[in-house]
């Protein structure tokens, strides 16, 4: 008798969101309050040290500061800072658009640029998906092997370990070392950046090539885009396999086989081990 696991999945999904909300609130709210109070104290100290300024003038300067930041202008340094829209940075921005990462630290400010960005993404996002899909076909053999994991656990577990280990080293571990060295981040911050980027979450709190006190090679951000594209293909495949295995787990757990029909189909599975999916008869 088949039992629908869709309501359970909905409840589990909502529970996961609620759990995440509670944990993030627990971890971050106190720190936010501390930083907010510290910022207010720094503003008061600034007014005390510079009595020629009043509170309104300071608030206006803070507003200008925020507007500059929103326009992608780094307040640090001076006017000699490299442009955010040179070819290398523009190439990097184009990559974040079509991959839907969207860090949020840089965006077009002109009406023409905003309109172009809309149409560029309209055609670029499907093009990127088609490219990643074609790239993923090269890894399709791994996906089929992973789908047979339950049927052939011995050999497939080794291939699974090799696939995950190689990809993790190539797209997460080693790039984290490079970014932490070049950007001056800790390794934890570098690893956080790599995963948030390749998962297309893209908060924008860490972005490569934005420190005005560092001199980057011209192709640094362009090479980062190449890493992003191939890393996206690998991590998307991992996510797809994870979702597939989770669906299998739910089906195996909540689908009860009819004992009168179990013998025939079970024999078929043993005779045809090449079938990529497990079928539990209802």
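Cβ from N, Cα, C; glycine included.
Unlike curated records, TrEMBL annotations are generated automatically.
Among the features that TrEMBL reports, domain 'Potassium channel' is placed at 80-137 (among others). Taking the domain 'Potassium channel' (80-137) as a whole, pLDDT averages 88 in the prediction.
The domain 'Potassium channel' feature in TrEMBL is assigned to 169-247 (among others).
The N-linked glycosylation site feature in TrEMBL is assigned to 78.
Residues or ranges marked as transmembrane segment by TrEMBL: 6-27 (among others).
Sequence annotations record features per position, and here TrEMBL assigns transmembrane segment to 87-106 (among others).
Per TrEMBL, transmembrane segment is recorded for 112-132 (among others).
TrEMBL lists 158-178 (among others) with the feature transmembrane segment.
Taken from TrEMBL, the feature transmembrane segment covers 190-208 (among others).
Outside the transmembrane segment (220-243), and at least 6 residues removed from its termini, the chain residues within Cβ reach (under 8 Å) are 88-89, 91-92, 95, 99, 101, 131-132, 135-136, 139, 142-143, 146-147, 164, 167, 170-172, 175, 182, 194, 197-200, 208-209. Taken from TrEMBL, the feature transmembrane segment applies to 220-243 (among others).
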Long-range neighbours of the transmembrane segment (190-208), counting only residues six or more past its ends (CB under 8 A): 96, 99-105, 171-173, 175-180, 182-183, 220-221, 224, 228, 231-232, 234-235, 239
Positions whose Cβ lies under 8 angstroms from the transmembrane segment (87-106), at least six residues beyond its ends: 72, 117, 120-121, 124-125, 127-128, 197, 200-204, 207, 209-210, 218-222, 224-225, 228-229, 232
Within the domain 'Potassium channel' (169-247), residues counted as helix, strand or coil by DSSP: 55 helix, 0 strand, 24 coil
The domain 'Potassium channel' (80-137), counted residue by residue under DSSP: helix, strand, coil: 39 helix, 0 strand, 19 coil
